[in-house]
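These notes concern the structure reproduced below.
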Amino acid sequence: MSHVTTATLIQMKQQHEKIAVLTSYDASFTSLVEDAGVEVILVGDSLGMVVQGQESTLPVDVDDIVYHTQCVARGRRNALLIADMPFMSYSSAEQALGTAGRLMKDGGAHMVKLEGGATQLETVGQLTANGIPVCAHLGLLPQSVHKLGGYRVQGRDDESARIMKEDALSLEAAGAQMLVLECVPSGLAREISESLEIPVIGIGAGPDCDGQVLVLYDMLGITPRQPPRFVKNFMPGANSIAEALEHYVKAVKEGSFPDAEHSFK
Ligand code: KIV
Ligand code: NA
């Protein structure tokens with residue numbers, strides 16, 4: 001595999017080749033994730049929960065993401081490296097530019113990810129105008145868990161589905177080059193994926209997105225908490241972590257993951 005770029009990913013979408021994404025937080029796992037053929041690695045603020053043992057992603061700081069992005073960057077060979085912008089680190093476009101600058105210059109990220117729709121359009125425009133590729137994130141927004149009243153499926157009623165579709169198109173128009181959809185009914189995720197030019201990566205968003213992402217520790221079954229329903233543990237049936245990662249990439253590529261059991265209607 002040669003270096004994966006935003007151009008590679010657009011081409012994969014056009015050729016209907018599924019994009020395999022996983023989170024990673026350190027150099028050793030990154031090397032295994034690369035060996036398995038994952039195209040995109042995300043240093044997610046999920047590290048707050050799976051690495052730091054926090055209750056939510058809210059306590060994660062920019063310094064934490066910079067540190068883990070540096071670790072991942074040292075183990076990376078070809079994958080595109082995305083870093084999450086943590087809670088309250090992009091409350092204005094100006095603050096977002098400062099945060100993204102640190103994630104890219106100090107951390108070594110190639111793209112930054114932020115949560116939210118209409119409220120983020122100006123920020124997305126400013127970031128992309130400054131040469132910073134942006135991955136947007138709609139559906140369940142873990143940084144808004146207290147506002148949402150829990151981790152639950154989003155876009156179930158007509159009005160919220162309409163708003164999500166509108167937000168997705170606006171984010172693309174503002175310059176976003178990738179979109180993550182989390183905990184969204186499969187049909188809505190399919191509609192959004194089909195209506196956008198940019199790759200849409202699903203997590204709990206059904207099989208018809210352009211790619212899939214999971215939290216690494218969840219798909220290896222090593223998180224002590226009960227994982228969300230859309231998570232599949234790929235360790236059973238594998239002889240090693242490396243083999244479990246290969247099974248995940250294969251399942252994403254052939255479209256067998258997620259199945260109905262790991263999706264929402
Ligand atoms: O923080 C994270 O790991 C994420 C993915 C689950 C999309 O945002
Ligand atoms: Na995240």
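Cβ atoms are placed via backbone N, Cα and C, with glycine included.
Around Ser46 (3-methyl-2-oxobutanoate binding site), the same-chain residues at least 6 positions away in sequence with a Cβ under 8 Å from its Cβ are Thr23, Thr57, Asp84, Pro142, Val215. Sequence annotations record features per position, and here TrEMBL assigns 3-methyl-2-oxobutanoate binding site to Asp45, Ser46, Asp84, Lys113.
Taking all protein chains in view, 31 other C-beta atoms sit within 10 angstroms of the C-beta of Asp84 (3-methyl-2-oxobutanoate binding site). According to TrEMBL, the Mg(2+) binding site annotation covers Asp45, Asp84, Glu115.
Long-range Cβ neighbours of Glu182 (active site, proton acceptor) (same chain, at least 6 residues apart, Cβ-Cβ under 8 Å): His137, Leu138, Gly139, Leu140, Leu141, Pro142, Gln154, Gly202, Ile203, Gly204, Ala205. The active site, proton acceptor annotation in TrEMBL covers Glu182.
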**Prompt:** Highest CB neighbour count within 10 A among the binding-site residues Asp45, Glu115?
**Reply:** Asp45
**Message:** For the 3-methyl-2-oxobutanoate site (Asp45, Ser46, Asp84, Lys113), what does the 8 A shell look like? I mean other same-chain residues with CB within 8 A of the CB centroid.
**Reply:** Thr23, Leu42, Val43, Gly44, Leu47, Thr57, Val60, Ile65, Ala83, Met85, Pro86
**Number of Cβ atoms other than its own within 10 Å, given for Lys113 (3-methyl-2-oxobutanoate binding site)** = 24
